[in-house]
Ligand SMILES: *Cc1c(COP(=O)(O)O)cnc(C)c1O
């Protein structure tokens with residue numbers, strides 16, 4: 001069990017098999033970065049791989065598509081193969097392409113095929129707004145009113161979604177279900193397998209948004225039978241702002257024609273025949289649309305080295321211990337200051353961040369930033385703190401909690417406006 005002392009934090013660090021990875025990232029010694037669930041830090045190897053790809057442009061010009069160490073023409077496929085172990089997909093089921101939101105549009109336009117009484121899409125009321133906007137617009141494109149055809153399962157406590165409530169909502173009028181793996185605010189991890197089995201037992205297709213879990217939590221999308229999934233890489237996979245996203249399509253569905261087609265979804269040997277008849281790739285590559293964003297993909301080449309060396313299981317083990325230690329210290333040190341822990345406590349229901357709720361959350365986050373700590377604020381009252389396994393030490397967590405305690409004891413947070421900034 002944990003102890004509240006500083007020496008115990010050092011002891012945890014001494015026993016941490018991942019402790020040396022912090023040096024792989026750009027971060028100053030004193031800074032505590034707890035926002036890797038919004039934008040991961042820059043890995044030095046990602047900087048190098050981006051530089052390598054820029055050099056290929058410099059020296060090879062158009063030859064870069066086929067030559068050099070990382071031929072651009074195959075980059076989305078080769079990186080998909082390397083992401084596959086993080087999500088539990090077969091290499092041919094995973095592609096690095098698009099953005100989270102455009103991949104969702106692509107997948108819903110492929111998998112949402114309303115027929116007879118099955119016309120509705122089932123989601124939840126706590127998902128990220130962009131996902132909901134995309135689902136609403138897909139319904140409108142089919143001539144349906146989202147107010148009637150988008151069902152959003154309600155939360156019982158404003159923080160979490162009960163899987164049994166989702167299963168109860170899987171009625172005969174539902175054609176498709178889209179849910180997050182981890183809720184962006186409370187950090188609840190949903191039971192992907194249970195939900196997928198329940199959906200399939202009722203003849204409904206199901207897809208997951210993995211933005212808040214890929215790179216932090218191992219998935220088994222193929223084995224679980226998930227129909228499709230999509231996620232970004234700029235959070236826990238450290239691919240940089242606007243980094244190209246990922247998608248998974250189960251190989252049961254390789255015969256489907258993508259809803260949105262473009263020439264980069266072609267069979268690669270046929271693509272340059274330039275015919276007006278689309279010959280689709282026989283795998284998840286078919287769901288690409290246009291020319292890949294090569295420079296926004298390149299950082300992944302280096303970043304994935306780190307995942308291959310460390311292993312996603314080891315990253316998850318440390319993340320679970322770090323979030324447990326964080327919660328322990330919050331309860332030890334901050335119980336007098338009106339915080340509520342809003343994330344689930346159980347390992348199998350907890351994502352990569354903890355969620356502290358406080359009525360002065362915005363001011364508290366501003367005060368933390370002035371103490372060289374980067375938290376993450378979500379209006380109106382949530383402070384998300386992600387002790388990312390690669391670059392947050394146990395002693396960082398210890399220091400963060402004690403700095404937070406000083407801010408609360410001395411009430412210095414009251415010097416700041418309790419309002420969000422433009423980006424929060
Ligand atoms: C981060 C995030 C997004 C962002 O989508 P983009 O298309 O990359 O802007 C969408 N959904 C969820 C659940 C997210 O966490």
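From the backbone N, Cα and C atoms, a Cβ is placed for every residue, glycine too.
In TrEMBL, annotation is done automatically, which means it is predicted and not curated.
Residues within less than 8 Å, Cβ to Cβ, of residue 128 (pyridoxal 5'-phosphate binding site) and separated from it by at least 6 positions along the same chain comprise 180, 184, 209, 211. What TrEMBL lists as pyridoxal 5'-phosphate binding site is 100, 101, 128, 129, 130, 131, 209, 212, 234, 263, 291.
According to TrEMBL, the N6-(pyridoxal phosphate)lysine annotation covers 235. Mapped onto three states, the DSSP output places residue 235 (N6-(pyridoxal phosphate)lysine) in coil. A C-beta separation below 8 Å, combined with a sequence spacing of at least six in one chain, links residue 235 (N6-(pyridoxal phosphate)lysine) to 36, 37, 38, 39, 40, 211, 212, 214, 215.
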Inset, instruction - Among the binding-site residues 100, 130, 209, 234, 291, point out the residue whose Cβ has the most other Cβ atoms within 10 Å, with all shown protein chains included in the count. - result: 209
Legend entry - Annotated binding-site residues 100, 209, 234, 291, filtered by Cβ under 6 Å to ligand 1: 100, 209
Inset, instruction - Reduce the DSSP letter at residue 130 (pyridoxal 5'-phosphate binding site) to three states and note it down. - result: helix
